[in-house]
Amino acid sequence: MEKICVAVRVRPSANEESVNGFHWKVESNRISLHRSHGTPISGVSFAFDHVFDQECSNARVYELLTKDIIGAAVEGFNGTAFAYGQTSSGKTFTMNGSENDPGIIHRAVKDIFAKIQKTSDREFLIRVSYMEIYNEDINDLFAVENQKLQIHESLERGVFVAGLREEIVNSADQVLNLIQLGEANRHFGDTNMNARSSRSHTIFRMVIESKAKDKKSGESSGSDDAIRVSVLNLVDLAGSERIAKTGAGGVRLKEGKHINKSLMILGNVINKLSEGGKQRGHIPYRDSKLTRILQPALGGNAKTSIICTVAPEEIHVEETKGTLQFASRAKRITNCVQVNELLTDGALLKRQKLEIEELRKKLQGSHAEVLEQQILKLRNDMLKDGVCLQDYQCNELEREKLAAELEEERRSHKERDQCIKEQQMKIDNLSNLVTLSDSDRSSSHDGVKECLQDESTNSNSMRQEDAFSTPCFKAAPNAFVAKRSHYLAQPECSPLPDTFGDFVDEDTWMKMNKGFIADLDSLHMTPARKVQSFPISEDCSMENHSQEIQNLHRQLKLVTDERDELKRKYVEETSFNNQLTREISELQQEILLIRQIPQNLHETVTNCKDMYKDIFSILQDFIADEKSATAQILSTASEVGNCLFSTLESHLNMAMDGKKPSPSNDNSIRDLCNILHQKLSGAISSLVLSDQSTLNDEDKEDSVFRGNIKGNLGGQIACWKQAWENEAKTLKQKYFDLEKELEVSNQLLKVSEGKYRSLEREFHLLKEDKDAVVEKISTSSQTLEQITIQKEKALKDLNTEVRRRKKLEEEIKQFSIAFACRHRVHSVISGEASATPLAKTPYD
Ligand SMILES: Nc1ncnc2c1ncn2[C@@H]1O[C@H](COP(=O)(O)OP(=O)(O)OP(=O)(O)O)[C@@H](O)[C@H]1O
């Protein structure tokens with residue numbers, strides 16, 4: 001935990017005469033309000049980490065307040081420096097400076113690149129961004145078109161400003177030029193208080209990434225494979241202002257309101273944070289964009305410094321007091337500063353190996369042998385000196401006790417040694433596994449390494465050519481950060497033991513970047529790992545363990561592959577199934593339509609039958625003699641017609657019931673049609689002839705009339721007949737076609753149904769397979785979990801054992817001391833006894 005560093009800077013006075021004679025006095029790191037004759041005003045005295053008077057230069061402010069933060073940022077710590085104070089108190093002067101006396105930002109940029117140049121064992125990638133918060137809108141100062149940017153929060157990136165431009169840079173001059181461009185886009189305005197007043201809060205940000213350079217010799221570099229990512233924020237806040245004093249109106253008034261509101265929220269956040277742990281409660285970071293962005297700097301994991309600028313004039317006394325109170329509260333805030341690292345698998349393994357090595361050394365350095373020798377020596381000394389029997393017996397008892405303890409210690413030592421050997425083997429085994437899995441993803445992981453090596457080579461070669469060549473990643477877009485996106489392609493499972501130190505997961509990344517707004521698009525984290533462990537079973541041999549792990553690993557891989565394959569098949573089959581189902585439903589629709597055709601035909605036939613009956617009744621009207629040949633022909637035609645219609649109806653009824661009409665029906669229909677045709681023609685001609693022969697003179701007139709009617713009727717009937725025949729023919733043809741179509745559709749339907757059933761069977765089989773695989777996976781997961789638990793237990797036992805051993809050592813030490821004391825006492829006693837012998841020892 002580290003307190004925020006707070007300093008106050010008093011700007012030179014604007015030559016204003018004191019009215020009541022108040023003035024601010026700076027002594028060492030204290031600032032207090034005094035009357036003109038020198039008496040201090042009680043309660044208005046504040047002490048800070050630094051108080052800079054009017055003579056102080058930006059160089060000194062930077063040296064004392066910010067330099068450390070910059071150094072730490074290069075080493076991987078997040079850092080923030082910001083200027084706070086009333087309008088015209090000198091914030092922008094402090095951050096940006098003047099030509100003669102550059103400000104904090106300028107110096108920080110120069111310093112960072114100088115430090116990078118000196119750091120020969122690491123390679124760096126630097127990105128910069130510059131934004132302003134104007135009227136609660138975030139604008140990009142590097143790209144004017146990026147206005148009103150939104151703050152987003154994601155699990156991977158924490159809080160960030162979406163769409164903010166980040167420039168990859170490789171020299172201080174490049175950064176300073178960019179800042180100059182950004183400054184031109186910043187909102188300034190003139191007020192009564194300041195001719196060039198900042199109307200927005202600005203945040204200049206540098207993201208510094210670094211990685212240890214690959215050692216050509218291939219020797220271990222500890223855990224230096226870790227990638228460090230730190231974020232440095234240099235913030236120039238807009239000044240709080242009293243509207244009456246600044247004379248603000250219109251746009252300035254609106255700006256002033258936004259400025260005051262966001263500063264008030266900043267004050268609230270500072271107040272809450274200064275309340276300390278339990279009373280603190282909810283911190284309102286989300287109430288303004290400024291506090292949300294500065295969250296990591298306020299109570300987060302950044303090294304933070306605040307410079308509070310004040311105006312010395314008497315008319316600003318109240319504002320100055322307010323600023324000093326703000327500063328006092330900020331002084332109470334503590335941050336949890338830590339290096340931000342991203343650990344690769346290799347780095348993790350190295351760390352674990354080191355731990356094991358350390359443990360081994362500790363055990364090798366055990367004092368068991370030394371203690372044993374000490375006890376033997378004590379015993380010999382005792383025997384040589386010759387102590388009294390009683391004392392000897394006591395000592396002997398103690399010695400035996402110590403010897404038993406020593407034996408116990410030796411035994412546990414052996415066990416521990418064995419345990420460590422086992423652990424070592426497991427680690428080696430795991431290294432192999434990791435190497436195996438690494439080779440699987442060599443295209444990604446090795447790609448990163450190669451890239452780094454390439455970049456390293458490039459940067460080295462550049463270093464020879466250029467006077468200033470840090471950061472090493474000159475060809476920045478291809479640098480390791482960009483390549484890190486390959487990590488996403490890595491498998492989810494990394495066979496790392498879970499208890500060997502912490503590794504970077506999403507949570508760590510979250511903690512690391514929480515609240516930061518950099519557009520870390522190209523920054524991909526090491527993926528969350530599912531950790532594999534293994535049991536420490538006393539019954540099993542080490543080989544069994546490693547084999548078991550390898551088997552599990554292989555099984556898991558096989559099962560996963562199998563599952564993926566099944567999934568793929570399942571998806572394919574499902575889409576094929578869907579397609580078939582669609583086709584079947586289309587066919588079914590068609591069948592429905594086809595099935596309706598006989599129904600329609602039936603209706604048509606019924607209509608025709610009615611028409612036919614009407615025609616017959618008209619024809620019968622013209623028959624005078626019921627027994628004439630014409631009447632007989634007509635009656636035969638009527639019978640034939642009825643027969644034809646009933647045959648047609650039964651034919652269609654069969655079709656409607658889904659039965660196949662017999663082909664003989666077709667023939668009889670055709671025959672009946674022909675017969676009917678002949679009979680009707682015969683009947684009509686006989687009707688015409690017979691009528692003409694039976695006509696008398698009187699009736700001639702009537703006969704002509706009737707003849708005309710009959711002639712007309714005959715013609716009409718012939719027409720109807722023709723039309724009916726044509727219609728019947730068409731219908732018949734249609735019917736036959738439809739019947740054929742129906743047959744084909746039925747066959748298709750049968751084939752589809754067969755296919756559908758076999759697919760359904762296959763689908764069920766696949767589903768069963770899938771269930772079995774899922775079950776297998778869950779069993780494997782459970783086994784893995786059990787293994788993890790067992791291993792954790794074993795490690796705990798190991799720790800307990802180490803503690804017990806230490807305790808034992810302590811006890812033995814105490815025994816030895818007691819023994820030595822006793823021995824000394826005996827020596828004294830025996831010295832006296834030899835002068836006046838009282839009793840003889842068995843060794844006399
Ligand atoms: N330490 C200093 N030494 C010399 N001049 C100073 C100093 N501090 C401030 N000034 C001058 O005072 C004026 C106001 O300073 P500056 O613009 O930095 O104030 P500010 O706090 O940023 O105001 P605002 O919040 O309105 O932007 C400027 O002309 C600046 O040059």
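Note: Cβ is positioned from N, Cα and C throughout, glycine not excepted.
The domain 'Kinesin motor' annotation in TrEMBL covers 3-333. Across the residues of the domain 'Kinesin motor' (3-333), the predicted structure has a mean pLDDT of 87.
Residues annotated as ATP binding site in TrEMBL: G85, Q86, T87, S88, S89, G90, K91, T92. Neighbours of G90 (ATP binding site), defined as other CB atoms within 10 A of its CB across all chains, total 22.
According to TrEMBL, the feature coiled coil maps to 349-423 (among others).
The feature region 'Disordered' is assigned by TrEMBL to 437-463.
Among the features that TrEMBL reports, compositional bias 'Basic and acidic residues' is placed at 438-452.
The annotation coiled coil is assigned in TrEMBL to 542-597 (among others).
For 721-818 (among others), the entry in TrEMBL reads coiled coil.
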Distant-in-sequence Cβ neighbours of T92 (ATP binding site), under 8 Å, six or more positions away: A83, G103, R196, S198, D236
Which of T87, S89, the listed binding-site residues, has fewest other Cβ atoms within 10 Å: T87
Cβ-centroid neighbours of ATP site G85, Q86, T87, S88, S89, G90, K91, T92, 8 Å, sequence order: R11, A83, F93, N194, G239, T309, A311
